[in-house]
Amino acid sequence: MRSDVIKKGYTRAPHRSLLRATGLKDEDFSKPFIGVANSFIEIIPGHFFLNKYAEILKDEIRKNGCVPFEFNTIGVDDGIAMGHGGMLYSLPSREIIANSIETVMNAHALDALVCMPNCDKIVPGMVMGALRVNVPTIFVSGGPMRKGYTKSGQPIDLATAFEAVGKFETKEISEEELKEIECNACPSGGSCSGMFTANSMNTLCEAMGIALSGNGTILALTKEREELIRRAGRRICEIALDERFKIRNILNEKAVRNALVVDMAMGGSSNTVLHMLAISREAGVNLQISQLNKISQNIAHIAKISPSLPNVHMEDIGRAGGMNAVIKEISRRDNGMLHLENLTVSGETLGERVGLSEIKDESVIHKVENAYSKVGGLAILFGNLAEQGCVIKTAGIVGERKFSGKAVCFNSQDEAIAGISSGKVGKGDVVVIRYEGPRGGPGMQEMLSPTSLIMGRGLGADVALITDGRFSGATRGLSIGHISPEAAEGGMIGLLRDGDIIDIDVDTYSINVRLSEAETLKRKAEFKPVQKELKGKWLRQYQRLVTNASNGAILEA
């Protein structure tokens, strides 16, 4: 056992003495030691109950002959951090979480690991940390939130609440209606109910084989979720000493491909591109952002979930057959994109796991023949505005897929929010938000507030938004993020001026600004990047080490 280094032999008497102080007995030193990486935090709706779930998990681990040791990671709620300086810390928190797991697991030589994330950057951060440790690992999240309803019975969620702000500003809804949405959009604990970043990543954990079936769709705070946690506790004890289930043996190149295939089929959050690039690098997989379009071109988009389809939520996907039904349906298009032979933590191959699964509601999960689109729900655009690529969630486009318009430039998200609210942006404009990339922000803020204001003001089909920052999974519209190179590193987005004509064509994967070579060279010679005053020491450290979005915004070693 890996843990023998802290518990076997006479030289480890001091170590055992310390472990006895935690309650261990003689018989425990012959058992596998299991790390339980929890992310309990009271301010996050998807996490405030994870302390109770961890107790259920640890109890099951003890019953099955192993010794659990719970530790905690930090967490940031992107929704609460949205639209102010707190969002600067969201993406950097991913690295702290990864470092935390690497530190605790390796410092104490634990044999196996169960990760209990749920929201936003916590899932990818834990995956990255687990890959560094490389022991048998199971992911079991806290589960998605129920959707909310208005008094009239209309389904709503967090995206509704953000867009309601713009509607209130334009007097489309009253203060009373805004309050009704506020009080009903998030009716229970869990990860926000749409196909936002948290639920996107939790479903991809199923596709990668590192979580048990149902991880992405079984609702939080239900008996079914508690049983899933018990199953994870039993299973980790079965595989704790089996090298076949080291996470790098499960999350390999084929698993990365499977995750991206499922992501395209479901129109996941654009953040998944950033996180899968980072995860692939930790897994030793050479994934390039340019490869994603080939996957998208071969995968039908068969499930639309809020915000792309506001009435459909994760509980509906679960009711319609869950991820197994989605994966089974994708596999019917026999084009070699899915690797059904890949092993999962349950001991089954992915193909065996989905088995005889079938769609129970074709209005929620479509057949391939009746797909929303013959191509996937995400795309990577290239051009003189994004030589290293940028990302758009095509599943969320509400207007035309081809757009040309005049640039309206802002050097921060705060400037953009003020400009949109004051009416500076009109039909036919391309909103440019720059100096919000991984290094320029720093921290690559999510632009849900600006995009929600655009939608709420009725401009969703008539305005495009481009940024070197990123978007919440709740964003919809012609919103293009992750532009690389970013403004802070001299990218073309930093050279744009108000009135420049920008051409976007999603179907040809292109994004360009109409500038002559002479004008471009002139602007480059005159370019001086905006320098922001940073008060946080961690943000200054992060800014020095972070790479751009085309590399997953990972830190340089």
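Each residue, glycine too, has its Cβ placed from N, Cα and C.
Owing to the predicted nature of the structure, the values given are computational and were not obtained by experimental measurement.
Summarising the annotation, Swiss-Prot assigns active site, proton acceptor to S472 and lists sequence analysis as the type of evidence. According to Swiss-Prot, the feature Mg(2+) binding site maps to D78, D120, K121, E446, an assignment based on sequence analysis. Under the heading [2Fe-2S] cluster binding site, Swiss-Prot lists C119, C192. The N6-carboxylysine feature in Swiss-Prot is assigned to K121.
Considering only the recorded positions D78, E446, S472, C119 ([2Fe-2S] cluster binding site) has D78 as its nearest partner by CA-CA distance. In the structure as shown, the Cβ atom of E446 (Mg(2+) binding site) sits within 10 Å of 32 other Cβ atoms. Considering other CB atoms within 10 Å as the measure, the emptiest surroundings among the binding-site residues D78, D120 are those of D78.
The residue listed as 'active site, proton acceptor' sits 8 Å from D78 (Mg(2+) binding site), taking the C-alpha atoms as the reference points. In the three-state DSSP scheme, C192 ([2Fe-2S] cluster binding site) is classed as coil. Under the DSSP three-state reduction, D78 (Mg(2+) binding site) is assigned to helix. In sequence order, V76, D77, A81, M87, S90, L91, C119, T197, N271, S472 are the same-chain residues whose CB sits within 8 A of the CB centroid of D78, D120, K121, E446, the residues recorded for Mg(2+) being left out. In this structure the C-alpha atoms belonging to C192 ([2Fe-2S] cluster binding site) and D78 (Mg(2+) binding site) are separated by 11 Å.
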